Amino acid sequence: MSTSQGAKTGQTENGAESQVTGTFTLKSGLAQMTKGGLVMDVVNAAQAKIAEEAGACAVMALERVPADIRKSGGVSRMTDPKIIKEIMATVTIPVMAKTRIGHIAEAQILQALGVDMIDESEVLTPADAENHIDKTKFTTPFVCGARNLGEALRRISEGAAMIRTKGEAGTGNVIEAVRHARAIRRAIAVARAMDETELYSYAKQLQVPLDLLKKTAKLGRLPVVNFAAGGLATPADVALLMQLGVDGVFVGSGIFKSTNPKKRADAMVQAVVHYDDPKYLAEISEDLGEPMVGINCEDMKEKWAIRESKMD
Amino acid sequence: MASVKIGILAFQGAFEEHKRCLENAWDKLGSNATLDIIIVKRPNDLTDLDGLILPGGESTTMSKFLERNNFQKLISDLVKGHNGKLPVTWGTCAGLILLANTIGGIDVTVNRNTYGRQNESFEASLMLTNDELKGNNGINGNIYHGVFIRAPGIVSVDSNRVEVLAELTNIDHQVRPVAVRQGNLLATTFHPELTDDDRWHKYFLQMVLERGIPH
């Protein structure tokens with residue numbers, strides 16, 4: 001990822017006055033610094049503090065957690081800047097915030113606020129039925145949701161510095177996150193087994209740039225950091241997704257919709273690190289109180305994960 | 001065969017990136033010993049280390065993990081040589097904050113997020129002031145391309161036992177240290193693990209090899 005940047009600098013003559021900001025190395029680098037961590041949805045400063053104290057590697061500043069967005073219905077938009085600013089003033093860890101898909105102006109506002117990362121998110125109501133944001137125009141890094149390798153590589157080609165599975169946010173049901181993590185992993189394994197000739201037609205089939213597909217096949221993983229998201233509610237859910245090879249997790253409603261958010265936050269942060277240690281997971285899973293109630297995905301009125309597929 | 005055992009603290013952050021860089025740098029050093037990299041998550045993983053890396057990531061997150069299982073004291077004792085061995089220890093970015101503030105042992109004053117938030121993260125050429133680091137690279141030997149992400153700043157060097165290894169001329173024309181060494185401890189405010197320039201990883205491994213391999 002840093003190859004081109006590194007090559008450029010060898011020729012720089014003088015150390016002074018050659019600072020550059022907003023490069024892809026810096027954007028994807030921030031994502032790399034969140035690896036092995038848990039990003040927690042928070043709706044106010046008090047929750048942000050709990051998240052930080054539990055060891056979250058970043059927070060997502062929101063007006064309502066996804067479970068409440070589902071409940072209240074209607075159009076869901078960018079969070080009030082006042083809430084975002086309060087959260088930014090409260091914690092020292094990175095603060096992320098969501099823009100609607102394709103809503104360039106909301107993203108510009110979030111960048112002006114100085115958030116550390118922007119999530120172009122299907123959890124909010126999409127603003128553009130055909131286009132995603134051209135993320136290369138921004139200095140702030142973006143994370144985007146994906147259900148499969150095609151979506152993931154298209155978002156990366158638009159400039160996303162980080163990918164997360166979509167899952168089904170606000171359900172407390174992990175099935176979709178697992179489906180998406182497995183789909184991406186399986187498609188990469190298929191690409192890896194192909195020769196160069198086959199990759200041409202696979203790129204066409206996936207509707208992705210050939211060079212990105214080649215890079216992915218060579219690396220055996222997505223070329224940017226890849227987290228799981230959408231329905232994780234327990235330390236075991238976290239461990240399951242980590243074992244499927246993601247670099248970290250987002251947890252939304254799963255924490256602050258449970259009966260003991262502090263304890264659950266703590267346990268889920270621990271689970272990201274110790275995902276391969278069932279004995280330890282048994283200890284930290286004990287007596288966490290009731291998890292969020294949860295929704296069975298087949299009972300849902302609206303699946304958010306398919307929100308951007310109409311245009312894909 | 002003799003082996004060099006390097007631990008990478010893996011609570012959170014860019015520990016895999018360091019692993020890759022260490023392996024690449026090791027191949028180029030041409031040592032007869034083998035490199036054994038330990039992903040450190042449990043206290044037992046700290047046993048018999050010749051070197052330890054505290055990676056970049058979120059220092060607050062890592063501190064929370066250090067509070068558990070007596071980890072902080074174990075690492076603190078380790079880097080101060082209380083266990084008989086004095087492993088070479090390198091903190092990058094968040095790792096520097098841990099070395100300066102939490103674990104202790106390096107006499108510098110550190111300011112978190114000194115340049116601001118992510119939008120102020122930057123890449124810049126910095127000046128190497130240490131001959132060994134310069135010597136590893138023929139062309140433009142004294143220049144190194146630094147990647148600074150929500151980086152901490154070294155506000156002051158508080159002991160003459162601290163050697164400054166690299167300096168950055170800021171936009172305000174002030175020259176500030178961005179890499180320091182004190183005995184067996186090494187610290188950088190930037191991220192060599194995000195670049196292909198392996199001089200810092202070589203330098204770290206050479207520090208380890210200079211101490212001899214007791215295995």
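Cβ coordinates come from backbone N, Cα and C, glycine included.
Nobody curates TrEMBL annotations by hand; they come from automatic prediction.
Matching B:R20, B:R112, B:R199, B:R211 to the L-glutamine binding residues that TrEMBL gives (B:G57, B:E58, B:S59, B:I149, B:R150) identifies B:R112.
Separating the Cα atoms of B:G57 (L-glutamine binding site) and B:C93 (active site, nucleophile) is a whole-number distance of 8 Å. For the recorded positions given as B:R112, B:R150, B:H191, the lowest number of other CB atoms within 10 Å of the residue's CB is seen at B:R112. The secondary structure of B:E193 (active site, charge relay system), as reduced to three states from DSSP, is helical. Summarising the environment of B:C93 (active site, nucleophile), the number of other Cβ atoms within 10 Å of its Cβ, over all protein chains shown, is 29. With a 10 A radius on its CB, B:I149 (L-glutamine binding site) counts 28 other CB atoms from all the protein chains.
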